[in-house]
Amino acid sequence: MASRFQAIPLVASPSYPNAVAWSDENLIAVASGHLVTILNPASPFGPRGLITVPNSEPFPIGVIDRKDLFSGCLLPNCLSRDRQPCVRSVSWSPLGMAPNSGCLLAVCTTEGRVKLYRPPFCDFGAEWIEVMDISDRLYEYLTSISFGELDVSCPNHSDATEDIHAEDPASFISKKECKRRKINKGSQTTGDQLPCQGNSENSNSSSGPYIEREGQGLKAVYKLSSDKLEDGKLYHIGPLSKCKAKPLNKMQENRTHPQITAAQYASRNAMLWSLAVAWSPLLQLSSKLCSIPQIGSSVSLLAVGGKSGKISLWRIYVPECYSIEHSRVPTANIVGLLEAHNSWITSISWAFLTSDSSNPQVLLATGSSDGSMRIWLGNTEELLNTSEFDRTPFFLLKEVITADSIPVSVLSLSMPAKSLHKMLLAVGKGSGSFELWNCDISGRKFDKIGSFDAHYHAVTDLAWAFDGCSLYSCSQDNFVRCWILRGSSLHEVPFSSNTPRLRSSTDVPDVFISCMGLAVSPGNLVLVMVRNLDLELLDSMYQKKAQKAVVEFFWIGGQQQDLLSKVSPLVDVVEFPAFPEKELAYWESNILWSLKQYEHLDKPLVLWDIIAALLAFKQTTSKFVEHILLKWLLSSYIGYNMDLSAENILPLVSIRLSKINSRKLHLLNIICRRVMLSELKADQVNSEVQNLEVSHGAEGEQVTMWTELLRCSERELRERLVGYGFSAFLSLKSHSTITASRPGYWYPVGLAQLGHWVALNHERVQDQLKVLSSEVGRHEKRLEYSEHEAAEQCSYCSASVPFESPEVGFCRGVESDSGTGQSHRLPRCAVSMQVCPTTPLWFCICCNRWGSRLAPVTLFSMSEYPSDFKSSTESSVLEVPSKPLCPFCGLLLQRRQPDFLLSASPV
């Protein structure tokens with residue numbers, strides 16, 4: 001980032017809380033009016049993704065008598081003024097739920113619809129693709145159980161059919177009736193997003209009136225008639241798509257609708273009308289949470305809260321196999337309905353409780369418009385296996401009911417890693433205050449830390465950072481505040497005054513009127529927020545039409561995490577004129593903490609914010625960046641204190657690489673490439689690492705040492721991959737299962753190329769790899785499968801391609817009349833080292849390697865170089881899932897998109 005913030009304009013303004021969400025693959029979704037704008041924080045002014053919310057037809061839940069149209073329970077439906085549906089809630093799924101192993105996005109609209117979208121990785125467009133309509137499935141389920149009612153139809157009127165007359169005045173709405181009240185600028189969303197509890201006939205479906213908002217239309221009343229009805233007139237309430245003096249669109253003809261009472265209609269409508277969505281963390285049958293889901297045994301739960309106070313729980317399965325060429329519809333089953341509250345569900349939040357590894361549990365926090373908040377404990381095994389729709393495996397842990405009945409606007413859960421049984425819960429209110437709870441799940445103790453009058457208007461979002469040490473809050477009053485939790489007390493602290501390349505600490509525009517959401521980056525070093533603009537202060541010709549809101553990025557890496565912490569002075573670091581020494585120490589501490597979090601396999605590798613911060617510091621002084629990284633290597637890779645010098649630490653790390661787990665090696669490779677060797681091109685590093693020409697002097701020596709460390713680390717990973725492939729082949733041969741694997745599972749291929757690589761590096765590889773290569777060579781001649789053939793041909797001219805490098809291959813070309821031939825440069829697969837075909841390939845955005853085959857999941861979980869590959873593969877090689885992760889960087893592979901289309905950038 002060039003300064004403390006970057007303002008990215010949006011063409012529509014958010015209207016509801018929690019309007020921004022940050023995904024595990026480093027994409028940001030912003031709910032802005034009738035659109036969902038999807039941004040890449042690594043290229044905020046670059047291509048965008050887009051979801052346009054369409055108008056939907058009402059569900060045919062029944063017809064009512066004309067005399068019941070204006071009963072108390074139906075007034076909210078008759079008076080609702082949604083001319084065009086807006087986005088009410090968005091939520092990202094865990095990594096691995098999309099067909100390309102990315103994230104799915106759940107979108108809830110003001111029409112009560114919930115749909116799932118995937119990225120257009122194989123469609124080459126900006127518009128995201130709808131893959132599932134959750135609301136349609138909910139309607140099918142509720143219809144199958146008759147909405148939980150004993151008898152909803154009237155026998156005398158069961159054959160009522162639709163007969164809409166275009167000339168009937170009842171089927172028209174004049175333009176005069178479409179006039180809308182102007183509302184005050186400061187209260188444009190509060191009443192609509194947080195309805196008050198009313199005294200209607202059915203409190204489950206009518207919690208209170210709507211505040212009329214500009215830009216919305218009336219709802220229409222469809223007139224239905226039938227010869228079998230006594231009065232000949234029944235009515236079905238539905239939305240009017242456009243507020244114009246035109247006849248309404250006809251409903252589906254020849255369809256029967258049961259006659260129901262007004263209370264039944266309101267109750268059914270409330271059960272179908274969704275308000276909030278939230279994805280759970282990834283759950284596995286193996287009782288282990290991991291960023292690399294296992295095929296067939298991993299699911300994520302989607303919670304959908306509605307006006308009825310019930311939450312529908314959906315079990316969404318991880319795809320059986322991943323592809324960048326084809327899209328597959330996800331498998332989803334309904335778990336059941338959870339009767340969470342007696343009024344509208346306004347907020348939902350999930351957390352994963354890992355205190356019991358044998359039977360992990362999930363926590364679900366729900367908030368309602370009546371001010372109540374409840375905490376539920378769910379059993380993972382029952383959630384994954386239950387098929388009883390009449391009960392949900394959730395147990396109520398805590399219920400909080402307030403006397404003032406102020407609606408809950410937002411919830412935020414945090415499970416600090418330093419305390420397995422501890423849970424932190426922040427509850428935002430419509431009054432501008434928020435409550436903080438400290439919960440001990442094992443002892444069922446819930447202590448209220450306090451209630452804080454933080455804002456003047458409704459709290460629109462809350463976000464935890466740094467393992468529950470920091471809390472950020474925002475509101476419609478346009479304030480964003482930072483809080484530090486120490487023990488059982490919460491204190492407000494100012495934002496860090498200086499950040500990388502900051503021009504001025506007061507360089508913030510004053511055209512904002514409200515902040516509708518915020519989110520913290522995966523590395524916890526960046527805060528994103530979305531603000532609405534005061535259109536009266538914008539230029540009416542150039543700005544007012546195209547800029548309704550902005551997305552801002554703030555650095556929070558220099559944030560103090562402990563009020564009583566004593567920062568030690570930095571040694572041998574050039575002082576920054578714009579940075580106090582304490583703030584530099586906070587940056588160092590927070591970056592080291594963030595790097596430490598990525599050493600765990602359960603956290604997807606998304607290092608964009610860490611790399612961006614280090615590169616920003618590197619532009620001013622490289623010594624500070626090197627100081628941080630050497631300190632990280634010393635604590636994570638060596639384990640004891642020594643002199644912080646690259647000459648001493650880097651060679652020692654290279655010697656110890658065989659004892660380091662694969663995740664740390666991937667992390668080291670990313671830092672080497674993207675930070676310390678950022679001036680070098682990825683292809684240059686891949687092909688000629690050992691022969692780089694560097695400049696003389698201290699800077700050239702530093703580049704040489706980091707390049708050598710990268711070369712040793714990548715060779716270590718390649719040896720593990722090759723050794724595992726050899727031993728897996730021998731193990732499969734002993735079981736007489738040398739056949740192609742089924743989709744989604746790994747199978748050793750390219751044995752001839754792997755053997756050539758061992759021969760080229762015979763002096764450097766370990767003896768165990770040489771023995772395995774010779775054993776495979778003896779059996780390889782008997783195989784007739786094309787996957788094991790040594791001879792390769794060019795995809796363009798069919799010339800032979802000799803094996804000379806694991807990165808690329810050059811065909812011998814076709815000789816012309818002049819005696820010279822054209823040689824083609826062909827990329828080799830990063831996993832099998834075979835020449836890649838011309839079909840779409842997987843691509844790593846960090847090392848620029850390609851892949852036609854995927855690596856086995858075992859590679860990414862190796863704790864060290866196996867002492868005996870054969871013993872490590874005998875029991876588990878028969879069913880090994882393959883994952884679209886780079887074998888050298890550990891990053892999510894993707895299909896390379898044109899520069900004008902959005903793509904994720906984890907680095």
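Heads up, residue numbers simply count up from 1 along the chain you see.
Heads up, the Cβ atoms here are built off N, Cα and C, so glycines get one too.
What TrEMBL says about a protein is an automatic prediction, not a curated fact.
Positions annotated as domain 'Transcription factor IIIC 90kDa subunit N-terminal' by TrEMBL: 22-152, 271-528. Sequence annotations record features per position, and here TrEMBL assigns region 'Disordered' to 184-210. Sequence annotations record features per position, and here TrEMBL assigns compositional bias 'Polar residues' to 185-198. Per TrEMBL, the feature repeat 'WD' maps to 338-386, 452-483.
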Per DSSP, what is the helix/strand/coil residue tally across the domain 'Transcription factor IIIC 90kDa subunit N-terminal' (22-152)?
25 helix, 40 strand, 66 coil
Could you put numbers on the helix, strand and coil content of the repeat 'WD' (338-386), residue by residue per DSSP?
6 helix, 26 strand, 17 coil
Need one number: mean pLDDT over the domain 'Transcription factor IIIC 90kDa subunit N-terminal' (271-528).
84
By DSSP assignment, list the helix, strand and coil residue numbers for the repeat 'WD' (452-483), in that order.
0 helix, 18 strand, 14 coil
